[in-house]
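As recorded in Swiss-Prot:
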- 127: active site, proton acceptor (ACT_SITE)
- 11, 72, 73, 102, 103, 104, 105: ATP binding site (BINDING)
- 21, 22, 23, 24, 25, 154, 185, 186, 187, 214, 215, 216: ADP binding site (BINDING)
- 103: Mg(2+) binding site (BINDING)
- 125, 126, 127, 162, 169, 170, 171, 223, 245, 251, 252, 253, 254: substrate binding site (BINDING)
């Protein structure tokens, strides 16, 4: 394999630039040429493809976001979009692709491989919700950003004797809420993976103020449960009498310079992705399990360890989906009382 491409797709995540840098420099060290694709699959279809040199990634490891830009491009799920992208790959003489992103990005990589273009996936999303890996690029930075913000909110919360609901990203997974909640000493953590009783939440708030003598209360809420504003309304309807404020950390969690861990993991994964292409292992994704690099086929059966399989209706099924550490929720309950 003499020429490969790299693209980022879906939501941006701190550490994506470190992964791109590793792909470029590892590939060049192996005698390959590397091309970047701007704006993900949309840029692939449009032919927004250009050569990248080792010097071109020299100052990127510390930068957040992705200098290749990113976009969601659902049209790539259609055969027409896939064939248009493949035509551009052929036009540029590209023989393999590294795709950095989440589940949707992996689906695109799977389709490219099915059409004869080897593609390897690298998990890049702050939500940490990808099957086949314990850890996704951007998660550590997002958690640290959330903790820093919650620590500051605690200062103002305790100054005024208030309850704060802090909404964090996590549409399908509560990992950011769990990790940030524990690290910041939150009083309650609400995640999609665990049922909650709104009356019990209100009782815990009351007990903290009236029985425990606390002068503030912090609730970390994953967005996949409901919005912070809706949660506040439900608290009020359930009888909450404390002075309540809602803060949505939102997209701030995606920004900022990546942590050392995100930079190292991204570099490790990026380098290994090139090794997989070199070995002809298209259709695989890189991951981390028990602090070791692992690789999983993107499409196949659950028994084969594949990330996805196809149902009888042709719809994509997630095999062994990522599960949040709910034992962390139990840990937080024991530490916050």
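Note: Cβ is positioned from N, Cα and C throughout, glycine not excepted.
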Looking only at the binding-site residues 21, 23, 171, residue 127 (active site, proton acceptor) has its closest CA neighbour at 171
May I ask for the distance between residue 252 (substrate binding site) and residue 11 (ATP binding site), taken between their Cα atoms and rounded to an integer number of Å? 13
Packing count at residue 215 (ADP binding site) (other Cβ atoms within 10 Å of its Cβ): 13
Under DSSP, is residue 245 (substrate binding site) helix, strand or coil? strand
Out of 23, 169, 252, which of these binding-site residues shows the lowest number of other CB atoms within 10 Å of its CB? 252
Neighbour count, 10 Å Cβ-Cβ cut-off, for residue 187 (ADP binding site): what number do you get? 23
C-beta crowding around the residue listed as 'active site, proton acceptor', within 10 angstroms: 27
